[in-house]
Amino acid sequence: MLQTLWLSSPGSQVSREPGCHCDGKQTGWKCGFVRTITQHPCPRYDPKCPGKARMLKKIQICLCFFFVSGILYEISLLSGCCFSYMPMSKNFLTPEQVLNLGKSIIFLETTERLEPPPLVSCSVESAARIYQDRPIILFMKGLTNDTALDLNSSYVAFSLLSSMKNVFIFPLQMEIVFQETPLLQWYNQVVPEQEKNWIHVSSDASRLALIWKYGGIYMDTDVISIRPIPEESFLAAQKSKFSSNGIFGFPAHHKFIWDCMENFVLKYNGNIWGNQGPFLMTRMLKAICNLTDFKGTEDHSCQNISFLNPQRFYPIPYPAWSRYYEVWDKSPSFNHSYALHLWNFMNHNRKTVVAGSNTLAEKLYKAYCPTTYKDLIQNAKLRDVTHSEDAA
């Protein structure tokens, strides 16, 4: 708000609104500057005084205008509009600042690796393209605050993702993530080296804590987004009466997620794969809802939680996961799907996307993560060919 400047009678001090609040502070340098040049008003009989008064008012208005413009610019960097320009400005934001914007799409990497494989890169890129007005956050366990990785990183995928305007890559610091949740006590007592499924269990816990604290959508790093999910509070049915935890979304501080964290600790058994993951989500959903079979492509709803049809994310069920890496006579349209889960956990033989193979997965890469396809699939093949020729 612009403050009114009153010129006093000769010999008196200049009075104004207390503290000069142009910049929200009592002694901002801009208002201090205005005070300095107005401390000695001209005498009433000075013919030049009206002109000086007008000049001082103009200076005041200009200074406040520039300050307000600066404030609005800084606010814009913390809003959705920042993703349309100035990509480097995001480097100054902390995880909490980005997460507090709400509606984040969250990915987790709980291994120590620093080079995201092509499927991880494709998942993040596809989300960044589909949700251009939302922050896409990849938390990496192997990344620390001291790790010097940026756009010039030798890790191709890291550089690729870092260059995307709405993608943020942060260290995954579990001791901070679990603060003020039921999971903190469990985390302080568990011994990761003695846990059979620690990579999965720690991921199951982290996704719950992050969504409870900040809200948004969690996605596994083998999920390719193909259209926006219209729901805010949802679970993804892997099949009738069974929920996955590979994709889910809730607003911050939702009771269902808090109850899941409490049950995570109460029923903890790290030796059973999925006990803290899809089995947790399923038993918690069954506790409050009467689940029935899906008969078509309809979604179910219970207590303001949408239980989305398996077609939304799992049109190809896990027993048939390898079909993503096969050539189809006619590719499916996936008209009823929001995203596709490629079941990387089942991919023990490490099938990959190969340029020119014409598999379903290759077509998905071309359509939904073209930069990943170009840089990590096509160019990788060219580098391999060049390297072979040089070796010969």
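The backbone N, Cα and C atoms fix where each Cβ goes, glycine too.
Residues or ranges marked as domain 'Alpha 1,4-glycosyltransferase' in TrEMBL: 250-374. Look at TrEMBL and you will find 61-86 tagged as transmembrane segment.
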Write out how many residues of the domain 'Alpha 1,4-glycosyltransferase' (250-374) are helix, how many strand and how many coil, based on DSSP. 51 helix, 11 strand, 63 coil
Summarise the model confidence on the domain 'Alpha 1,4-glycosyltransferase' (250-374) as a single mean pLDDT, whole number. 96
